[in-house]
Every structure is written in C-alpha cells, then in structure tokens.
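Pasting a structure below so you can have a look.
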Amino acid sequence: MKLAVIGGDGIGPEVTAEALKVLNAVRDDIETTDYDLGARRYLKNGELLTDEDLASLREHDAILLGAIGAPGSVPPGILERGLLLKMRFALDHHVNLRPSKLYDGVESPLRNPGKIDFVVVREGTEGAYTGNGGAIRVGTPHEIANETSVNTRYGAERVIRYAFELAQSRRKKLTLVHKTNVLVHGGGLWQRTVDEVAKEYPEVAVDYNHIDAATIYLVTDPSRFDVIVTDNLFGDILTDEAGAVSGGIGLAASGNIDATGTNPSMFEPVHGSAPDIAGQGIADPTAAILSAAMLLRHLGDEDNAVRIETAIAADVAGRDNSQPISTTEVGDRIVKALQS
C-alpha cells in the first residue's frame, strides 16, 4: 500500500503518528510518503498546494491527514479554500463519509440517547460550496451578494448510489435530507434521483426528512437513522451535530472519497489542529486511528478495519475518563490489543 501522509498542523502530526503505528501493526506492506502541507508551509513560503503536490499525491493508494489550521496566524478561508477545497475538487472527493457511533463508556449530551450508529453521506463537490457567486457595491448600503447552489444529476446520483450501496450493507434504511418544499429545483432533483435509484435496491427502506426536522430527530431520536444522504451544505450542518450527539468530535472520523477509485481518497479525524495543546502529548488519537480503519475498509481490507474498530471500542469502554489522555499510550494500548 502506498500511503500519502499529511501530518499538518498543531496536534495533527501527533495523532497521525499513532494512526500509522496502528496501521503498521496490522499491515507490513505500507510505504509512506510525508507531505509538508498546511499552515507551517504557507507561513514559510506562501505555498498551499502546487500542481506538483497533486501529481505526487495521485500516485498513492490513499491519503491520511492529521489536521490543518493555525488560528490567529493564517486568516480564515486561506487554508480551507487554497488547500482543503482545492484538494477535494482536484481529486474529485465527491463523497464525504461521516460515521456517528456512541461507544460504550462515552457519555452523550443527550439524556436518553439510545443506540446511536449511523452514517452521513454528504455530497462534497457541488451545492453551495462551489464558489459560484459574487458581490457588487461591497461596503456600501446597497451591497448585493449571492451564492449559487449548483446541483447536477450526475453529481447527486453518484453520491446517492454510494449511499444505497452502504445502506444495503448495513441495516437497509436510507434517509434523504433536504428542503424540497422550498428549494424546489435542487431539492426536486435530489428527490427524483433517490426515487429512481431506489427501484434498484428494493430491500432498502427509504424515507425523507426536511433539514429542520432531521436536526430535531438527531437530538430526540438518533437511533432512527442508518444512512443519511444529503447535499453539501446540509451535510456540513448534520455531520457536526452527529458528532456532538455521539460524544464529541474527538471520536469522529471522516473520509473524503472518490468512489470511482480514479484518485486516492483521503481520511482524517474531524477535530481541528488544537494548537493550544500541541506538543503536550495529551491529544486523543482515537479519531485518527478510526480514520485509519476507514481507510483500510475503503481499500478492501475489511478484516483489519474491523479488528482496529473492535480494539478501539474495548479501549474506549475501559478508559478512566477522570484521568488525562496520553497520546502515545492510547496508540500503544490499541497496538497491544491487536497483537494479543
């Protein structure tokens, strides 16, 4: 396996090191290439993501990312658009995959959360995040700004098909989330596409929630969900709420996936770079290790993905949450569990 590694900023390199430690415990064929991408490189020479970087990344089977960001040093939007979004569009990461699971031993902010185990499949390259818009008369009382949400049948269908395949392998329930009563054009396209693709998956039960209803159900009845499929903007909202109800983004992993396999997909923890605790050895690497398990599953190594997830579940359930996390100790415990 040829693996591109982007440690990034803050705690990113620390948690990525533990994810690699775990990967190497279950596989002996991993060849890694490290990439200096993120705030550090930008502040040093102004570079974000060059054509040469992209060409080199494309030579790998997958990408493992730690965290990107330097709040206070780099203005908002520069790293997001110049690095992360550029990579997403260049590598056609049209599926953003966000599992949400409440592990034993983890406290949810919900009083009676029930069983939380669902996945959000978010479209990643269309919608309101394409940069299609503009502004005139900026800074005047007559300023006008618009953002155009772009939805194509091709873009929606490939993500919807991915979601149906995922639902088929899980509990066989898919929920479309949109706002079809108001966003009649884009929402109508999504609804029609789901209805048509659903005919090919008769075993999958399909329902629909408006985005406002879905945000309520995530708090009042999260166990109703199995696979949620939605567009870019609504997915951005739902995935963070999903992370919150299942114990926080410290345990949240994600995948940015080219489902065709043409380009390497990228896997990363949801948390940020947390520069305030960087270098102290107290960052929780669990989400990064879960991201590594997602990476293996994407590449077809289901057995080792399950082994890692099982070891993580046991480790999380057995933690003394009154004690501080040790980054390296978490990685060591999971490796030991895998080797026992």
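Each residue, glycine too, has its Cβ placed from N, Cα and C.
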Can you find which of Arg81, Arg98 Swiss-Prot lists as binding substrate at the same site as Arg88, Arg122, Asp212?
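So, going by the record in Swiss-Prot, that would be Arg98.
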Between Ala274 (NAD(+) binding site) and Tyr129 (site 'Important for catalysis'), what is the CA-CA distance rounded to a whole number of Å?
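Cα-Cα distance, Ala274 (NAD(+) binding site) to Tyr129 (site 'Important for catalysis'): 25 Å.
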Could you check which of the recorded positions (Arg98, Lys179, Asp212) sits closest to Gln280 (NAD(+) binding site), going Cα to Cα?
Arg98
Quick one: give me the count of other CB atoms within 10 A of the CB of Arg88 (substrate binding site).
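So the Cβ neighbour count for Arg88 (substrate binding site) comes to 18.
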Find the one among the recorded positions Tyr129, Lys179, Asp236, Ile282 whose C-alpha lies closest to that of Arg98 (substrate binding site).
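It is Asp236, whose Cα lies nearest.
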Rank the binding-site residues Asp212, Asp240, Asp284 by the number of other Cβ atoms within 10 Å of each Cβ and report the first-ranked residue.
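Selected residue: Asp284.
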